[in-house]
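Enquirer: Here it is, the structure, as structure tokens.
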Amino acid sequence: LEDLQDAFDFCFKVHYLPGEDRTSDPQYAQQVQALQAKLQILDRQRREVLAQMQQLLGRSETLRDFLQQELGAWRERQQRACLGAPTDTRLHLLETWFTELGQGLFQLLQLLRALGDLRQKVTYERDPLKAETPLLERRLRELLSYLLQSAFVVEQQPSMPNAYKRPLVLRTATKFSARARLLVRLHDRNHRMEAKIHIDRLGPAGVHPPARPRGFRKFNILTSSSKTLLAGDSPQDGLVCDFQYLTLKEQKDSRSGKGSKGTGEVSAGLGAMGAWRRLVPHGAHSAISVQGPLVVTEELHLITFTLAYAYCGLELELETSTLPFVIISNNNQLSSAWASILWFNMLSSDPKQQFFSAPPLAPWPRLAEVLSWQFESVAERGLSKDHLLMLAEKLFGKA
């Protein structure tokens with residue numbers, strides 16, 4: 001296309017002399033006809049290029065939708081893995097697919113810019129580049145923004161060392177770690193991409209999150225809350241922001257000198273089921289629910305990662321959040337806090353911080369599956385039907 005345009009441009013400057021009356025010159029008339037033919041060919045080639053780009057964008061959107069489904073499935077597997085389910089949460093394949101699509105889209109963006117340069121050199125009436133290029137670029141930037149935003153994920157949920165395979169329960173003044181990853185392995189090494197970490201962050205443009213129960217505690221993250229996104233020497237290392245040795249400190253309430261501790265601790269009972277205070281009689285639709293005032297071990301907090309991303313002239317702020325987690329102050333609260341984590345992840349994927357204000361019912365088959373995962377995660381063996389029947393009888397009585 002560029003060669004064709006250069007040839008037309010050369011002939012136009014050599015043969016076409018506007019302002020001169022050469023209508024009686026047959027040779028000039030032939031030259032004008034030849035120029036018109038070249039312009040028609042150039043116009044047709046430009047339209048074909050734009051049509052091919054439209055087609056590629058359509059295929060890219062189809063692939064993006066497929067990747068969203070795969071990413072959603074991975075998130076579900078990660079959520080189950082936090083409960084002890086034996087499932088694969090590796091990101092290598094997703095990272096490869098996201099990177100390949102990202103490369104293709106950035107190549108299209110460069111081609112669009114090259115087409116813009118061609119239009120600056122040669123344009124004409126009804127030039128398709130003038131009308132369609134801005135629309136294509138807007139569509140492409142939206143597609144890239146959506147892809148990059150969804151490609152920023154939490155690879156490792158917040159967890160303390162030696163947490164007995166119980167992530168998402170953090171203790172104040174105790175170190176914990178969390179890690180986010182950008183699945184599109186494309187970055188500008190000359191641009192410093194800074195990642196930041198926030199707890200219970202305000203929404204976009206200062207919009208407050210859903211109303212929190214009265215007495216909901218506020219925390220600060222101590223140690224470094226920002227760092228540069230690191231890229232390893234090999235492509236397999238990926239783009240990772242790894243936050244380690246973080247600690248949480250509760251904000252002091254100026255009125256009482258200390259943050260509210262809620263209405264009291266949850267009574268313990270049946271191991272990890274200390275927070276589940278009402279049992280429905282066993283039956284075909286048996287379920288367990290949690291009712292009562294919100295307590296410390298039912299507060300659900302979120303950590304948000306933000307990343308200042310830049311590549312090929314595209315600058316974005318990417319954001320991703322962890323699964324909800326519980327913050328405790330002593331080990332006596334661990335079982336109750338873990339019960340809250342089990343309950344939320346068993347029944348919800350929406351990180352609503354007021355989940356326990358009106359918790360849904362849990363069907364026994366779902367709870368039985370989660371309890372089996374718990375045993376398998378620590379004993380390398382799940383619960384048999386007889387084991388689960390015994391637990392059901394203890395909870396609901398014999399049928």
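Using the three backbone atoms N, Cα and C, a Cβ is placed for every residue, glycine included.
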Enquirer: Quick one: sort out which of 32-59, 172-199, 312-339, 340-367 is the coiled coil according to TrEMBL.
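Expert: It is 32-59 that TrEMBL annotates as coiled coil.
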Enquirer: Please list the DSSP helix, strand and coil residue counts for the domain 'STAT transcription factor all-alpha' (1-144).
Expert: 118 helix, 0 strand, 26 coil
